[in-house]
Amino acid sequence: MSDFLKKVDWFSILLYALLVFIGWLNIYSASFTGELGSVLNAETYYGKQLVFIIVSCVLIVLILSVEAKFYERFSSIIYLVSLLSLLGLYVFGKNVNGATSWYAIGGMTLQPSEFAKAATALALAKFLSDIQTDIQNPKDLFRAFIIISLPALLIIPQPDPGSALVYAAFFFVLYREGLHPMYLLVGLFVVVLFVSTLLYGTIWVFLGCALLLGLVYYFSKKKKKKVSIPQLTIILIIATAFSYSVNFIYNSVFEQRHRDRFSLWLRLEDDPLKLNQIRKTIGYNTYQSESAIGSGGFMGKGFLEGTRTKGNFVPEQHTDYIFSTVGEEWGFVGTSAVILLFSMLILRLLFLAERQKSAFSRIYGYSVASIIFFHFAINVGMVIGLLPTVGIPLPFFSYGGSGLLGFTVLLFIFLKLDANRINEWM
Amino acid sequence: MRKLLLASIIIIIAIVYIGRLSYLQLLDNTNKNPLNDTAINAVYDYPERGHIYDRNGELLVANQPSYDVMVIPREVKPLDTLEFCALLNITKEEFEKKYKKARIYSPRLPSVFVPQLSKKEYAILQEKMRKYEGFYIQKRSLRHYMTHVGANVLGYISEVNNRDLKKYSYYQSGELIGRQGVEEEYENVLRGRKGVKFIQKDRFNRVIGPYKDGVFDTLPVPGKDIVLTLDNELQKYGEKLMIHKRGGIVALDPKTGEILALVSAPSYDPDLLVGRKRSKNYTELYYDSIAKPLYDRGLNAMYPPGSPFKTVNALIGLQEGVIDESTTFTCYHGYRYGRNSFMGCHCPSGTRNNLRRGIEASCNAYFANTYRRIIEKYPTSAEGMNAWEKHVESFGLGNYLGYDLPTGQSGKIPDADYYNSVYGERRWFATNTLSNAIGQGEVLSTPIQLANLTATIANRGYYYTPHIIKEIENDTIPNKFLEKHQTTIDTKNFEPVVQGMYDVYNKGTASLLRIPGINIAGKTGTAENFTKIEGERVQLTDHSIFVAFAPVEDPKIAIAVFVENGYWGSRWAGRIASLMIEKYVKGEITRTDMENYLLKGSLEEEYAKPLSGESFRINDGKTFVKWPEKEVIKQPTKKPLP
């Protein structure tokens, strides 16, 4: 055991503990009503969150004490159980705020999608690390896609598209394990096409693509690589067709609220009055959260001194918008510190993943880093108004038992694997 | 390469996010000010505005409570609308309109439902208010006028407009600010400083508690009381004498420069601009473009000063040594100064006048000679003109006097530069500017400047800047009002001029206006004036002007009176000046004959002439003015509705 304590990555644990602690402080502030009571008061968010933190500690001990091989061996079963739990929601699920994403057990609720991420990561790691699997082989690649998308497909109709979006994080893992860069390029191209169609319209997208492909043809000819004109023409036609269908989908399939989110994000509305109107209605959350963060200034207003936090101006401030509390009360110092802590943790996990001797541990570690990064980037991007509104929590920070426990499990399975890396040779 | 992709994206995202945060939190300042914070409300505590007293300690302006009926639409329960409307004296339609307006503004926030109830209305409503949930009464402080005169001096208060909000950061929308008169001039003294409490609100605008336990809160500083130099009795009397006349009276205490009375006629009761009726009354006053009751004639009206200005030329002549007490000029029923130039005078041809006699008879020829000698004493007309101008300006003419009331005009005294630009350099001579000798032509002054000139003569050589402020509670009045302004004229030169003005009263043009027991020195004047009818310049009856001071041996009051279209000086203005002096010096009126003449006399007929649309006679019928014969576009007559 003392051997284990020496090998486990204390740096990651320290970062984890810091994030959880700072997160709890901010939940305390965001849900503080002015009456000083016991911090364990189960009536309040901060009281409940403290209970979840204690449960997490117990869970950490459990995870770390299980034999490392267990996770690899039982990954398929864990994955299946996880899928079943997601399926079961359609029968036993409890509807909260319009989404059937929870099981109600006693007074507690449990959100299986928070744990499915870890299960999917285990299954994917198991599959990709198999000596027989070749990611360059389309058949295997297809299987990997299935593993990733099954839980996502079960989550989307709950409906919880935000949580499903997180599964896109696994593309980083596939790429790391040898996915052809073309897939990423195509993915990037699709996103760029989508956004630029909304911004500039199909005609400009067509002209832009033609110019780009013309340049590709010119340079490929110089380097004497073969790119035929018909190929490029087909790409151009597909791109234009896609751009056209984006217009159609945006105007006919999307609902007004979706359109509003995009027009807010991309500033599609030219009329400043209308834009301001959207900012204060559809964009109310973002508007309030930006104002709260902005009002923090350099040093912030101080713990429990955030006026907008106290006045509950930012909706969902203890969950998805918890970062705005950091912004208001701790200022630029606090926000950049949190961003640095997250970046350090994710980079540390990448470093740990790369030093793994076994492919399973490496792939799993990479998945953990990717998932945490995805959550962090999308959540903070949304709160500071850089990305459209997507309802996913900030790992370790946001209020919520399932979220905290899910991320704890995700992270500590990897830390256990990492602590065990030498033993693998024995 | 594959290993580095995610790591680089992480680093890029971290940099981008910190960049965005430094914009939001460090560069963009819109959210930093606690007053802009939607979560913090500033609640103001307004101190009582200072009271205003007259020089004898009579309270002129105090405060009165006023009651606004407020409504919070969300808290309104079904009510007996008819009874409520009857109590508030509004119709049911008005009720619905007001209620809708309040609802649109905010269902949660209070809005004014019916503003400024009278005490009587409040008394009736107060008992029944508890029946109407969601409505309540809020107390405000309004001005309460104990006097009905001096509106032009006192000014009024009204809500700040957008221009004020931009100009002064102190005010918030809906607050009150002084306008015109002392309310505007001494706004900062009278208003005090409002206190502020910062209150923390939640997103429904409900109060959570004080912001930061009130460390930023301040207590209100009460407004200071002020005492004016105005004599309310004299002011009242002056306004009474000016009924049915247009014009102004300015009375000064020459020893201090204190303004004893500042009458502008027609005027209005200051009480008209208080409370619910303020806006309606103000509009009426504002759009009266004929009588212009809001126009302070005592301060703003610029006229050629006419004969009273001759005294200045006499003084300059004495100072420059071009005449002395015994210098005589012969008047040829006027003064010829060029082949075709002749300045008429009413003296019989061949009259020989010395200085005293010249002033007493207001002889144009005498002052034309004097003026010409002054200008021609110097090698060039330009130098002479500038020397003359410097003397005149030392009397406070030709520039703003610097008194403490917010409106005024500079008047005008021409100098060499002015004539250079009109005639060209070295192309003009004393004769071109000769009308300056008798206060006509390019010379313009306001009644308060004339009063100040009179005070200067009364003092034999100096004046204090006229001012309306006598005392400020726990403070001193501005130093500039305690500063003596010395003229360029030696004291000894004043005596002959004072003697001349004394003769005006005792032998000359104003000998009928004598007040028993008081030695008065004065000077009559008339000013030609013109108006435009249908775009054509048309002469109207002369303005009646009079300046005087008394008692001659120890002056207590210096006064300038002008009455629009009153014809000659002693007819209206002189009588008014005499009575004002008697009122102030004696405290009672013995010349009741003169008083009756004034109280009964009216110039309304005179004022109606240029509006009549017909030809008319001016100056007691001596001059005939033909109505400009131009086609008058007939207004299409409205058909009566069936």
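Cβ from N, Cα, C; glycine included.
In TrEMBL, the feature transmembrane segment is placed on A:76-93, out of the ranges A:76-93, A:166-183. Same-chain neighbours of the transmembrane segment (A:232-250): 189-190, 193-194, 197-198, 201-202, 205-206, 209-210, 213, 216-217, 259, 262, counting only residues six or more beyond its ends whose CB sits under 8 Å from a CB of the stretch. Here the transmembrane segment (A:141-157) sits against the transmembrane segment (A:76-93); at least 3 CB pairs are under 8 Å, leaving out pairs fewer than 6 apart in sequence. Proximity of the transmembrane segment (A:12-33) to the transmembrane segment (A:330-351) is established through 3 or more Cβ-Cβ distances under 8 Å for residue pairs spaced 6 or more apart. Long-range Cβ contacts of the transmembrane segment (A:396-417) within its own chain (Cβ-Cβ under 8 Å, at least 6 residues beyond either end) map to 8-9, 12-13, 16, 19-20, 22-23, 26-27, 31, 45, 48-49, 51-53, 55-56, 59-60, 63-64, 66, 68, 71, 102, 108-112, 114-115, 117-118, 121-122, 318-320, 322-323, 338, 349, 352-353, 356, 358, 360-361, 364-365, 368, 371-372, 379. Away from its own ends, the transmembrane segment (A:76-93) comes close to residues 100-103, 112-113, 115-116, 118-120, 122-123, 126, 147, 150-151, 154-155, 158 of its chain (Cβ-Cβ under 8 Å, at least six residues beyond either end).
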